[in-house]
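Here is the structure we will look at.
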Amino acid sequence: MLWAGWLRGAAALALLLAARVVAAFEPITVGLAIGAASAITGYLSYNDIYCRFAECCREERPLNASALKLDLEEKLFGQHLATEVILKALTGFRNNKNPKKPLTLSLHGWAGTGKNFVSQIVAENLHPKGLKSNFVHLFVSTLHFPHEQKIKLYQDQLQKWIRGNVSACANSVFIFDEMDKLHPGIIDAIKPFLDYYEQVDGVSYRKAIFIFLSNAGGDLITKTALDFWRAGRKREDIQLKDLEPVLSVGVFNNKHSGLWHSGLIDKNLIDYFIPFLPLEYRHVKMCVRAEMRARGSAIDEDIVTRVAEEMTFFPKDEKIYSDKGCKTVQSRLDFH
């Protein structure tokens, strides 16, 4: 009985591997091979077998909220607001079987505070391959939209790209990095996809997720954090309501935010403006320890201290916050 089962599995695998070789040339062959594999195994569906050997968009795949919470708490330092809001927003959105619109998050703060890192964590928790997934799409403003005179072309390309990918996978994730370097007007091309429409030209975007990453608003966030510090209050006392209204208005009126006078803000299509606070000396040390663990190295507190002390801090008098966050921790650790 075991031998027969092994033969069925081996035969199915051989057929599938053969199908993958010719997939680029003859799609019908793939279907025939998988159908044959299903007949041989006697119990696996077309999708069951195909998805064992290729990445599939599984709309029914639940979000493991506990795993996401653990990732954020263990890997993201000094960002209690981001941890709380992202966990609640993603969990609530994915638990909703019939969302009225896509989830749209705008992450703001200085470089090195964890925005890109969080987008990576989110991607990995939504699709197993993370940023390498066929269903996670990263746009970098200076790479994909560099020329101001080509705004109309970029708008058309962006609409086609998003429409095509959401048609292929309703749970697609779109990450826009360096929003503060995006030419004004480009991002408004995706406004219809973020709105409260059941469908746009026959495609539903309501299960997609859009994430914007921006340095814009970093000065406003730092001012609030500094005000709390000077008043003797803990950074953990800062609440979303202390920053979100200031952020949305500040970004809307900032010509270098990528969202200057954007309809996305004007029509309240961005669900959360999430502030990333400037990192203190103790957070930099946490980053160093995390990097050492990731490299499989024993934690050497002398090295941790030396790397942290090599960073520069601001304001000039108080020297509270790292001016590069944890961005240069990896390269500095290479010298020790």
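Backbone N, Cα and C define each Cβ position, glycine as well.
Automatic prediction, not curation, is the source of TrEMBL annotations.
For 1-24, the entry in TrEMBL reads signal peptide. Annotated ATP binding site per TrEMBL: Gly109, Trp110, Ala111, Gly112, Thr113, Gly114, Lys115, Asn116, in sequence order. Annotation source TrEMBL lists domain 'Torsin-1A C-terminal' at 279-335.
Projection of TrEMBL feature records onto the structure.
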residue : record           : Cβ neighbours (10 Å)
Gly109  : ATP binding site : 28
Trp110  : ATP binding site : 22
Ala111  : ATP binding site : 15
Gly112  : ATP binding site : 22
Thr113  : ATP binding site : 31
Gly114  : ATP binding site : 27
Lys115  : ATP binding site : 26
Asn116  : ATP binding site : 18
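Neighbours of the ATP site: apart from Gly109, Trp110, Ala111, Gly112, Thr113, Gly114, Lys115, Asn116, residues of the same chain with C-beta atoms within 8 angstroms of the site's C-beta centroid are Phe117, Asn215, Phe276, Gly325, Lys327. In the predicted structure, the domain 'Torsin-1A C-terminal' (279-335) carries a mean pLDDT of 95.
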